[in-house]
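The active site, proton donor annotation in TrEMBL covers Glu108, Glu342. According to TrEMBL, the feature active site maps to Asp249, Glu363. The Ca(2+) binding site feature in TrEMBL is assigned to Thr469. As annotated by TrEMBL, region 'Disordered' applies to 497-542.
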Amino acid sequence: RSFPYKMPSECMCKCNILLLPPPQTNKKRIKSMFYHAYNSYLDNAFPYDELRPLTCDGQDTWGSFSLTLIDALDTLLVLGNQTEFQRVASILQDTVDFDIDVNASVFETNIRVVGGLLSAHLLAGRAGMELEPGWPCSGPLLRMAAEAARRLIPAFQTPTGMPYGTVNLLHGVSPTETPVTCTAGVGTFILEFATLSRLTGDPTFEDVARRALTALWKTRSDIGLVGNHIDVLSKKWVAQDAGIGAGVDSYFEYLVKGAILLQDEELLNMFHAYDAAIQNYTRFDDWYLWVQMHKGTVSMPIFQSLEAFWPGLQSLLGNLDSAVRTFQNYYSVWRQFGGLPEFYSIPQGYTVDKREGYPLRPELIESAMYLFRATGDHTYLQLGLDALESIEKVSRTPCGYASVKDLRDHQLDNRMESFFLAETIKYLYLLFDPTHFLHGGGMEGDGSWEEGGEGGQCVLGAGGFIFNTEAHPLDPAALYCCSRHSKERQELRDALLSLSHPKKKAGSQSKPADERAGEPPQSQSESIALKPGEKKTLPTLSCPVQPFSARLSVLGQVFSDNS
């Protein structure tokens, strides 16, 4: 449909011949930007969550677990710094403790902490770290990720399966916790939680994520839209504005990326159903507005900076024509201000009151990376160069890079969010490095892939990484590898179980429990060295931790005499 308002003339653009610096020059500048911010955090803010770049100190924001260090860990490897990756991974294992009395955002802890640790675990081989046997199905960073995720599980224990927005990492959900949370806070777990379940063999994580997705799917309106905030106990929509921006965005993102990561057609069908409604009710002249979820009437004719992920997501589905046109709309806003304001009034062609800031968000750069990969159009490299120039000129301080409080006069705010190092710089670097291993670059034999799994039977990292909404790359091959091994182990257990319970002869009876209790326990030597002709009935299979002398191994699985 045609949008009834026109963009101001100064926002319209003309095509020009692009003269860009060599990619290597830009990559060096991006690395320099990263290390200025990273070293400033280490020097002035660690072990706090975030750096305050105007006062050169730190603050805890999302949970008090050195968040910036976790979020930036995989970026170190993306930039090629194996030594610092190894050092920081060791520091995190020694210092980070999730057994703390802290109220944490379930959403943010998942995407930043669980996602960051999972990605670092999956990249540990490339970083030259010493790997446990069976990696990537085991490892210290994987155990840390699982421990962090377990602290979030109590939030999902609701009648609907949709999680609370906040959980205390030590005590669980407070009795006074509000049941109202945003849509993205319900639907943005399937990537991390399914990855955890597939790597560890524990289905709990994926099960709670899927239950939340199913519950949310059932709450959509008659015209196929979802609102912005929902009561997770009653399933009633508290905020009924439907769109693709703040509070909703990553829900749609995870349906698409979850479908790709898990090869799950059901998730893709969910997204296609939503996308049909979104295109029908919210799209106007390649802008996406906010509408009332039940009626489809426009409630807010604004563009939010978080919506800028949408062209990149559309490119993953092959909808390039639409993605390119929408990107150009968003890019015109960037050129107007040197950044994307949080809210932009489309009819007025200007910022919205009290929403003029730019906290160095990555979404437009992210879309540029995807679209450049899909089209090869150097317009997207120009956006990257514009972003590099803008951030350097406006946001650089002696102690890092500061969020822009107001794009109209470039006032700065005393905060550097962890996503600046995790996402913004990472996507900028990958935009200018089309042969990077995360893009599947490189030739066979030059380290573009690696072995993993039991006996090195899996090919890992051969390309096709899926980024979570915090730009932490996940390797689908690792999920398949560990799932296959888990299935093989289960088949072995089932086979052994079928042999461990021979049918009892008629009339035979086992001793009562009180009689058995009086018998002396068998020693290890007695239990293994049976008398000639003696047969032993094994109890149900388990895998307890025992001294090595009490173990025996069958196809890599450890059993003891009483297991």
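The backbone N, Cα and C atoms fix where each Cβ goes, glycine too.
Between the C-alpha atoms of Asp249 (active site) and Glu342 (active site, proton donor), the distance comes to 14 Å.
Glu363 (active site) sits 12 Å from Glu342 (active site, proton donor), taking the C-alpha atoms as the reference points.
Proximity of Glu108 (active site, proton donor) to non-local residues of its own chain (separation of 6 or more, Cβ distance below 8 Å) is seen for Trp62, Gly63, given in sequence order. Of the listed active-site residues, namely Asp249, Glu342, Glu363, the sparsest CB environment within 10 A is found at Glu342.
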